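Input: a single structure, listed below in structure tokens.
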């Protein structure tokens with residue numbers, strides 16, 4: 001008979017064999033499970049990255065054997081999410097003489113992707129009136145300015161006025177002297193009749209080439225204008241004189257370009273390129289010219305090229321709820 005020690009030895013061998021077998025089985029199962037988990041994670045990661053991929057090209061053609069150019073299907077339809085204002089002079093409505101012409105224009109713009117509820121045709125009396133109180137409330141604003149010899153300068157200053165944001169404060173010339181401190185610092189005069197006179201002062205507040213007590217000796221900068229952007233020598237105090245009853249003048253700082261505004265000059269020998277004005281920095285390209293024919297032809301052309309015009313602009317991105325001294329024009 002086997003001894004007790006021998007029996008225990010065999011039992012220990014059987015126990016370790018069973019234990020090792022079970023351990024190997026569990027280890028094999030766990031390794032398979034971990035492998036499956038790793039494989040599934042890699043598969044899900046690879047698939048999700050492809051699904052969320054975005055084609056950032058704009059109207060990029062697909063080259064190869066295809067015969068057509070396919071536009072990017074993710075490109076936004078601007079007209080569906082934006083508002084468009086077109087400002088036109090009263091003379092246009094008078095010439096067209098059709099009570100339904102606005103409806104016709106909006107229906108034509110619908111064919112270009114602009115819903116009738118997103119388009120507003122706003123009339124202004126003349127450039128002078130419009131420049132004194134421009135209301136540019138849409139995401140995209142297009143101003144039609146009819147060129148005539150007597151309003152050439154008005155268009156030029158209106159363009160500079162509208163294509164930039166201005167931070168302005170009213171000037172009290174009866175109490176204070178004023179100076180311009182930098183290139184963006186201008187004085188803007190608006191009203192029915194603005195004649196601006198100035199007398200530059202030295203460090204002792206004595207007039208340079210003029211008498212501070214005699215406005216007849218002041219230098220005349222503007223004469224009977226409705227809108228004037230005034231530039232004087234920086235860093236020099238000036239005594240200013242103007243007719244308060246028919247004009248108001250503000251001390252302004254030119255800020256960022258108003259990229260949601262474009263001006264179309266209708267008629268004239270050539271477009272008034274305000275970017276050539278040394279007062280205008282940086283250069284702008286949102287002003288163009290259209291041949292003058294009839295107002296119906298003007299609006300047909302606007303409709304035909306509306307989306308091309310919009311591409312030169314940027315949608316309004318900031319609120320109009322600002323202080324009364326901040327002219328978002």
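Glycine too: its Cβ is placed from the backbone N, Cα and C atoms.
What you see is a predicted model, and the numbers here were worked out from it, not measured in a lab.
Record features (Swiss-Prot):
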type: SIGNAL; residues: 1-53; note: signal peptide
type: DISULFID; residues: 85-138; note: disulfide bond
type: BINDING; residues: 98, 209, 217, 219; note: Ca(2+) 1 binding site
type: DISULFID; residues: 168-252; note: disulfide bond
type: BINDING; residues: 180, 231, 232, 234, 304; note: Ca(2+) 2 binding site
type: DISULFID; residues: 194-247; note: disulfide bond
type: DISULFID; residues: 199-210; note: disulfide bond
Distance, residue 252 (disulfide bond) to residue 180 (Ca(2+) 2 binding site) (CA atoms, angstrom): 9
Under 8 Å by Cβ from residue 232 (Ca(2+) 2 binding site), counting only residues of that chain that are 6 or more apart: 179, 180, 187, 198, 200, 221, 238
Least Cβ-crowded entry, counting other Cβ within 10 Å, from the recorded positions listed as 85, 231: 231
Three-class DSSP secondary structure - residue 304 (Ca(2+) 2 binding site): helix
Residue 180 (Ca(2+) 2 binding site): tally of other CB atoms within 10 A of its CB: 20
Proximal residue to residue 252 (disulfide bond) among recorded positions 85, 217, 219, 234 (C-alpha distance): 234
DSSP-derived structure type at residue 217 (Ca(2+) 1 binding site), helix or strand or else coil: helix
Candidates 168, 210, 219, 234, 247, namely the recorded positions, that fall within 10 Å of residue 138 (disulfide bond) by Cα distance: none
10 Å Cα neighbourhood of residue 199 (disulfide bond): matching binding-site residues from 98, 209, 217: 209, 217
Recorded positions near residue 217 (Ca(2+) 1 binding site) (Cα-Cα within 10 Å), from 85, 194, 210, 234: 210
Separation of alpha carbons, residue 219 (Ca(2+) 1 binding site) and residue 210 (disulfide bond) (Å): 8
Proximal residue to residue 209 (Ca(2+) 1 binding site) among recorded positions 194, 234, 247 (C-alpha distance): 234
